[in-house]
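Worksheet: the structure to be examined is printed underneath.
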Ligand SMILES: NC(=O)C1=CN([C@@H]2O[C@H](COP(=O)(O)OP(=O)(O)OC[C@H]3O[C@@H](n4cnc5c(N)ncnc54)[C@H](O)[C@@H]3O)[C@@H](O)[C@H]2O)C=CC1
Ligand SMILES: C[N+](C)(C)CC(=O)CC(=O)[O-]
């Protein structure tokens, strides 16, 4: 049964949560008194629909239904997950929890997006404190995996486990913060870095752009794949972490940083920062900046997927849980996906090599269907493509949803031949075809041989069925 999420507060963060749930097949109800809320969520959704599917090599589940509601009761009634993302004011959050707990199921999980409040502060005075946890996301919520799940001893272990499972099923990485603390874990770092940056601007040491350059050309790249401690472990050389601490630890008490001291945010300082930021990025609208950020994030995350590391490993694991059903056809829908931005080239369209990749993925699906799957290959038998004729019929672009339809045109002995048609989902346009001829091989001798009897029987039956249809 389709699950339902209730989004309370549909601003920057609520919109991101709505997109994450919707694109993973949940129905989403939104409550936000702002008359502009639907328009704002639409804009976030447009970004999410462009970016999130590009992360995966398979199609995401069918989108859920999005509805807007004028009462809190209608929004939360029967919802499985309620995500509060109203402005960062404790009195407002208390008011919202009080009102929604009058109508929501006692078994529903209530997550708060709060950047800084501790869960015990949120639970204070609630009718059912055990339902309320902090689920602190990172912007853009639809792309960044981290959710800081902060709990108290009032939250039953079963609820915490369920919360982790649901977040994981959405492609998130739930980091369980077991001991609550103001601003959780990540925002404490972000604040420290931000404080230091404000000093550097105020003291005229660096502009906003120079500070951003110091991050994006250097340690920002390191942090994205190894974090802080693993990076510093390497920086200690062969002697490792202990040597690193001995060498650089004393610097922490030298006057390298202003540490806890916060510059007064006078109008003058705020204006200086705003002016520098305008000079740096004012030529792009917020939507253009978001699109640029999202495309960069997708490309970086896909690179991490290829290495099977950090957030990339998580996305690989999430993809395994997305169900794709292969049927005999004809035709077999052998691939369905979105074209990622990093598959396009200097001509502004999908590069020819990626057409080959897609047809190769389609052939893999046919192999799985006949039983020549990963276990079969690990056992030493497989198929090799020996001939492939591709016709390029129309351009394909980043963000387009496409599918490959395959007919098995020959299946006898060692021979397996497929005719693939790549189509655009939106209008059914035929983008390319591939006539692919494969031979069954023994991976040890690297010579052609007959398939295992059961695989051969399926290949023969499939070819017969497709010929007769
Ligand atoms: N913006 C960010 O980078 C991040 C924000 N957060 C947290 O997310 C929460 C929301 O922040 P943003 O989305 O940035 O704020 P926002 O100002 O963009 O959105 C807040 C939304 O809540 C709505 N709202 C106000 N009162 C409401 C009520 N009684 N019921 C329902 N909706 C109501 C507003 O109309 C607005 O659309 C805050 O707790 C914040 O700390 C967490 C992570 C990152
Ligand atoms: C600025 N902020 C404290 C609201 C930031 C966050 O909470 C997380 C983020 O997305 O950077």
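Cβ atoms here come from the backbone N, Cα and C positions, even for glycine.
Listed features, source TrEMBL:
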BINDING   9, 10, 11, 12, 13, 14  NAD(+) binding site
DOMAIN    5-179  domain '3-hydroxyacyl-CoA dehydrogenase NAD binding'
DOMAIN    185-249  domain '3-hydroxyacyl-CoA dehydrogenase C-terminal'
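In the domain '3-hydroxyacyl-CoA dehydrogenase C-terminal' (185-249), the DSSP tally of helix, strand and coil residues is 56 helix, 0 strand, 9 coil. Looking just at the domain '3-hydroxyacyl-CoA dehydrogenase C-terminal' (185-249), the mean pLDDT is 88. Cβ neighbour count for residue 14 (NAD(+) binding site) (all protein chains, 10 Å cutoff from its Cβ): 25. Listed in chain order, the extra residues whose Cβ falls within 8 Å of the Cβ center of the NAD(+) site residues 9, 10, 11, 12, 13, 14 are 7, 15, 16, 17, 32, 40, 85, 86, 113.
If you count neighbouring Cβ atoms within 10 Å for each of the binding-site residues 12, 13, the highest count belongs to 13.
Long-range neighbours of residue 9 (NAD(+) binding site) (same chain, six or more residues apart, CB within less than 8 Å of its CB): 31, 32, 84, 85, 86, 87, 96, 113. For the binding-site residues listed here (10, 11), the lowest count of other CB atoms within 10 A around the CB belongs to 11.
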